[in-house]
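Q: In case it helps, TrEMBL gives these features for our protein:
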ACT_SITE  LYS39  active site, proton acceptor
ACT_SITE  TYR271  active site, proton acceptor
BINDING   ARG137, MET319  substrate binding site
DOMAIN    250-377  domain 'Alanine racemase C-terminal'
MOD_RES   LYS39  N6-(pyridoxal phosphate)lysine
Amino acid sequence: MTETAPPRVRAEIDLAALRANVRTLRAHAPTAAFMAVVKADAYGHGMLPCARAALEAGATWVGTATPEEALALRAAGIDAPVMCWLWTPGGPWREAVEADLDISVSGLWALREVTAAARAATRTARVQLKADTGLGRNGCMPDDWPELIAAALRAEAEGLVRVTGLWSHFACADEPGHPSIQAQLDVFREMVAHAEEQGVRPEVRHIANSPATLTRPDTHFDLVRPGIAMYGISPSPEVGAPQDFGLRPVMTLTASLASVKHAPAQHGVSYGHHYTTPGATTLGLIPAGYGDGVPRHASGTGPVLVDGKLRTVAGRIAMDQFVVDLGGDEPGIGSQAVLFGPGDRGEPTVEDWARAAGTIGYEIVTRIGSRVPRVHMNVDLNVDLNVDMNVDMNVDMSVDVNKAPNSTDD
Ligand SMILES: *Cc1c(COP(=O)(O)O)cnc(C)c1O
């Protein structure tokens with residue numbers, strides 16, 4: 001792809017927005033450290049640029065699901081504390097110990113793996129013990145906790161591990177007021193208290209994801225772990241819209257119109273002919289489909305901004321393309337269609353697509369496929385000065401600011 005060719009489809013990632021979101025979230029949790037959750041390629045936004053931008057904006061930890069993600073951060077030179085929590089037997093335990101990752105341990109089998117790796121590496125492993133306080137997913141159940149704590153303390157006495165954290169995860173923090181939130185918090189306090197009575201001295205105790213960070217200050221403890229909110233997306237409609245919390249969407253997904261043509265009335269559109277033109281009209285072809293992560297469940301419902309007007313997906317979303325009814329308008333072939341973005345220009349948002357597809361914003365951005373190039377904007381931290389002074393200042397002006405110091409070659 002040359003620089004001037006209009007892209008078939010692309011995802012612009014506004015790192016100035018991401019940094020602003022990190023600062024805003026830190027203001028919501030001023031006494032807690034900030035772990036930037038960048039699992040699943042930073043929810044589709046690109047793991048490394050997002051991790052770097054979050055650290056520039058004051059995050060002091062980075063969190064991933066898998067050890068492979070965490071090791072990739074280390075390989076790229078990120079030396080901040082990195083924690084990963086989704087382990088399986090035979091995983092890269094030794095590599096993780098040697099990379100000084102914080103390794104989450106939810107049971108005795110995992111503690112055995114990590115102590116064996118520490119022995120082999122002749123290093124002390126950093127271990128965070130995970131409590132299942134009610135999520136019913138990963139984590140150590142309260143009944144098994146005393147045994148895990150005792151075993152971890154023995155391993156600590158041998159110098160094999162250092163218990164750096166005690167932590168848990170909420171089931172329903174995205175439903176403010178749900179009784180399980182308080183119940184989990186009570187259990188967490190008890191499990192932490194037991195561990196500390198036995199002699200565990202963690203660096204950090206933590207349980208808050210994005211919705212808890214935004215709505216429950218009493219869950220912040222020593223550290224918060226926001227993911228979705230950092231990308232400017234709401235955890236759920238119940239929690240509120242991103243702008244209610246001063247958060248700005250980071251990803252904008254655009255495509256170039258690949259065809260505009262006239263069609264007569266009663267013309268079937270796309271596979272299955274689930275849409276038929278109500279009258280003579282024009283049809284626009286958007287060259288992006290479920291192979292790019294555009295959810296097929298949004299067939300007939302997904303919104304797109306084309307030439308300043310909101311249109312709806314006509315008929316089925318195919319693997320590589322879908323059609324919109326342009327109602328007689330004739331925007332130029334190659335003109336930009338915006339599937340979602342911050343919403344400033346009247347374009348749909350991630351939340352609109354989540355509603356259209358019957359899913360959550362998390363899934364919309366995370367599924368954007370590897371065929372879609374991520375274009376990271378405002379990489380340079382200096383643009384924030386301008387963005388903070390005038391939020392209306394657009395990307396192009398920020399890019400000009402970036403270019404100014406080294407524009408000697410033109
Ligand atoms: C994904 C994840 C987070 C971040 O959750 P958000 O709802 O995106 O803020 C935090 N902690 C754990 C354990 C996770 O898996």
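Using N, Cα and C of the backbone, Cβ positions are placed for all residues, glycine too.
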Q: Got a sec? Which of these recorded positions, LYS39, ARG137, has the most Cβ atoms within 10 Å?
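A: Sorting the candidates by Cβ neighbours within 10 Å, the top entry is LYS39.
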Q: Restricting to the chain of TYR271 (active site, proton acceptor) and a gap of 6 or more, list residues whose Cβ falls under 8 Å of its Cβ, or answer none.
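A: Correct list: GLY315, ARG316, ALA318.
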Q: For the domain 'Alanine racemase C-terminal' (250-377), what are the DSSP-based totals of helix, strand and coil residues?
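A: Secondary-structure breakdown of the domain 'Alanine racemase C-terminal' (250-377): 23 helix, 44 strand, 61 coil.
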Q: Over the domain 'Alanine racemase C-terminal' (250-377), work out the mean pLDDT and round it to an integer.
A: 98
Q: Pop the Cα-Cα gap between LYS39 (active site, proton acceptor) and ARG137 (substrate binding site) into the table, whole Å please.
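A: A Cα-Cα distance of 17 Å.
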Q: Give me the Cα-Cα distance between MET319 (substrate binding site) and LYS39 (active site, proton acceptor), rounded to a whole Å.
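A: With the alpha carbons as reference points, the distance is 25 Å.
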Q: Let's check the environment of MET319 (substrate binding site): how many other CB atoms sit within 10 Å of its CB?
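A: Cβ-Cβ neighbours of MET319 (substrate binding site) within 10 Å number 13.
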Q: Kindly assign ARG137 (substrate binding site) to one of the three DSSP-derived states: helix, strand or coil.
A: coil
Q: Give the helix, strand or coil assignment DSSP yields for LYS39 (active site, proton acceptor).
A: helix
